[in-house]
Amino acid sequence: MNIGILSSKQAQTNSSLSHSVLHGSTENKSRLGIFFERSIVARRVLLFIAMLGTCMLIGDGILTPAISVLSAMDGIRAPFPSVSKSLVEALSAGVLVVLFLLQKFGTSRVSFMFSPIMGGWTLCTPLVGIYSIIQHYPSIFKALSPHYIFRFFWRNGKEGWLLLGGTVLCITGSEALFADLGHFNRSSIQIAFLLTIYPSLVLTYAGQTAYLIKNPNDHDDGFYKFIPTTIYWPIFIIATLAAVVASQSLISATFSVIKQSVVLDYFPKIKVVHTSSNKEGEVYSPEVNYILMILCVAVILIFGDGKDIGNAFGVVVSLVMLITTILLTLVMIMIWRTPPWLVAIYFFIFFTMEGVYASAVLSKIPEGGWIPFAISFILAFIMFGWFYGRQKKIEYELTHKIDLGRLGILLSEPGIQRVPGFCFFYTNIQDGLTPILGHYIKNMKSLHRVTIFTTLRYLLVPKVAAHERIVVNKLGLEGVYGCVIQYGYADSLNLEGDDFLSQVSDSLQLCIQNCSGGVTSDHEEVQEEISTFEEAKLAGVVHIRGKTRFYIGNNCGWFERSMLAFYEFLHSNCRSALPALGVPLPQRIEVGMLYEA
C-alpha cells in the first residue's frame, strides 16, 4: 500500500521494478486502501495515530521498569517498617542502572540469563496462590464466571466502571507483544503465554483475591501481604528479579520501535547495534538505552509515589492497546484482506473491551496520568520536527536532482576540467544524482577522471554474498560509473584499505568487458578505458559526501522557520545517515550546500 507521506520511499525504490509490481493494480486494492492513497488528510490522521502509539509505547518503556522495580522493592518495608521511602527509591534506581548496563549484551543473552528467574516466578507464585485459595476462600474460581461480571456492573454502575482503572495493571505487558516479535518468534510467545504465564497469573490473582476477601483492609499491598511469613524472603527475591525481567520486555520493545522509526525516516539517526547474527529485529541502541535509564531513574526519584506512576502506567497501557487494535484492523482490511466478518468480530470484541478500560483510566489523568502525555508530547514533537525537515529536504532533492543528460551538459561546459584521480561520490538518490553534484562541479570547475557515484543499500538479511555486495554499471559518460554497495545487518561495512578498491576495480573491469560484448573492434577501447581506470587509482583515491543545511529566507513563515530550525538542531546533533565507512581521514571530503527552504 502506497499510503506513506514521505516521498523518499518511492524515490529510493529499485527503479528496475515496475510500478505495478511495487504497488499492485488498483483492482486488487481494497476500497479503504484506495481512500487512504487518495486522501492526504486521511494519511496525516493515520500518521498522527501511529506516532501517538509509538510515543506511548516508548513512554511505556520508561514507566514499566520504574513501577515494576519500585513496587517489588517496596516489599522490604513490610518486615522493616523503619526503612524509609527514600531508601526504597534509591535501591530501585540502583537496580535499574544495573539492568540498563546489561542491555549491551543483547536480548538473547539477557533473556537466557533471566529465564531461570521467570521459571521460578511462574512456579512459586501460583503455588502460593493455591495455598491462599485453600486457606482463605476455596470457591474463589466462581469469579471466572461472566455472571458475576454482569452483576458487578449492574450493581455498581458508574462506580464499577471507574474501578476498572484499578485493574488495568493486571493485563500489562501484552501491549509490547507486537514489538517483541522482532526479538522472539510467534510460536515461542504463544507457548510461553498459554502454558505458563496465563495459568500462573490466574492462580496468583485468585490467591490474592481470596486473601483480600478475608482481609479487605490490606488492599494497598495485597501481593506481599498474602505471602506466608515462612517463605516471605525467597518470594521477595524472586519477585524483585521477576520485576527486572518484566522491565526487559518493554526495553527491548522500545529499541525495536525506535529502530523501525529510524528506518522509516521518522526519528533522528541513532546508533543501532544488531546483537544477533540471524534475527534482524534484535537490536540495541546505546543512546536510547542511556536516555531510558536516566528517565526511569528520574521518574522514580521525582514521582516516588507508586500510585502516581501506576495511574500513568494504566493510561499508557490502555491507549497503546487501543491504538494497536485500530492499526491492526486497518492492516487486516487493506493488506491481509481478511474476510469482513472476521474483522468485525475482532474489532468489536477488542475495541469494546479496551475502549472501556481506556475510558476508565482517563479519569486518572489529574492523579499522575498526565505523565505519559507529557513524555509522548515531547517525543511526538521530536518525531514531527524530524519528519517535517526530512520531507522538505527530500522534496528539494527530487526537484533539483541531476540526471545524466544534465550531467553531460555540465561536463561539456568550457572551463570544466577532468582532474586526475579516483573519486567515490556518495548519493542517496537512486533515480538520479544528488543536487550537491551540480553545486560541486559549478564551484570547483572540475570532476575527477574516474568518478563512481556510490549508493549504500541496506538489506534485511544477515549478510550479503560477496558476489552481490558490489554492483557496478556504466552510466554512458566517459569515466562516470554507478555503484551500489549492498550490505546486511551483520556485515561490517568498512571501506578502508585496498581490499574495497580492488573489489570495485574487479567489478568495474568485468562491467566494461561485458558492455563491449566481446567485439574485436572494441577491444582497444576497452583496454584504453581500463588503463585510464588504473592511472586514476595511482593518482589517488578520494571519498566525497555531502553535508547539507537549510537556508531559511525571509519568505518563510514563522511555523516553517521554527520547524526547520528545530530540524537543523536535531540534524546537527544526531549521527550521519551514512554508516561508519572506515574511510581514512586524508581521503575524506565533505561538500557543504545550502538548500533553500
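Each Cβ is built from the backbone N, Cα and C atoms, and glycine gets one as well.
The annotation domain 'K+ potassium transporter integral membrane' is assigned in TrEMBL to 43-404.
According to TrEMBL, the feature transmembrane segment maps to 45-63 (among others). Long-range Cβ contacts of the transmembrane segment (45-63) within its own chain (Cβ-Cβ under 8 Å, at least 6 residues beyond either end) map to 3, 5, 36, 175-176, 179, 250-251, 253-254, 257-258, 261, 266, 292, 295-296, 299, 309, 312-313, 316-317, 319-320, 323-324, 326-327, 330, 371-372, 375-377, 379-380, 383-384.
The transmembrane segment annotation in TrEMBL covers 83-102 (among others). Sequence-distant contacts of the transmembrane segment (83-102), counting only residues of its own chain at least 6 positions beyond either end whose CB sits under 8 Å from a CB of the stretch, comprise 65-66, 69-70, 73-74, 76-77, 110, 113, 240, 244, 247-248, 251, 289-290, 292-293, 296-297, 300-301, 304.
If you look up TrEMBL, you'll see 114-134 (among others) marked as transmembrane segment.
Positions annotated as transmembrane segment by TrEMBL: 160-179 (among others).
Annotation comment: TrEMBL describes 191-211 (among others) as transmembrane segment. Sequence-distant contacts of the transmembrane segment (191-211), counting only residues of its own chain at least 6 positions beyond either end whose CB sits under 8 Å from a CB of the stretch, comprise 118, 121-123, 125-126, 128-133, 135-138, 140-141, 143-144, 170, 218, 222-223, 225-226.
Per TrEMBL, the feature transmembrane segment maps to 231-251 (among others).
Same-chain residues lying 6 or more positions outside the transmembrane segment (288-306) and placing a CB less than 8 Å from one of its CB atoms are 61-63, 65-67, 69-71, 74, 85-86, 89, 92-93, 96-97, 100, 103-104, 251, 254-255, 258, 270, 312, 368, 371, 375. Here TrEMBL flags 288-306 (among others) as transmembrane segment.
The feature transmembrane segment is assigned by TrEMBL to 312-336 (among others). Within the chain, the transmembrane segment (312-336) has long-range Cβ neighbours (under 8 A, six or more residues past its boundaries) at 1, 3, 29-30, 32-33, 36, 46, 49-50, 52-53, 56-57, 59-60, 63-64, 67, 165, 168-169, 171-172, 174-175, 178, 303, 342-343, 346-347, 350-351, 354-355, 357-358, 360-362, 364-365, 368-373, 376.
The annotation transmembrane segment is assigned in TrEMBL to 343-363 (among others). For the transmembrane segment (343-363), the list of distant contacts is 161-165, 168, 311, 314-315, 318-319, 321-322, 325-326, 329, 332-333, 369: same-chain residues at least six beyond its ends, Cβ to Cβ under 8 Å.
Here TrEMBL flags 369-388 (among others) as transmembrane segment.
Feature annotation from TrEMBL assigns domain 'K+ potassium transporter C-terminal' to 420-595.
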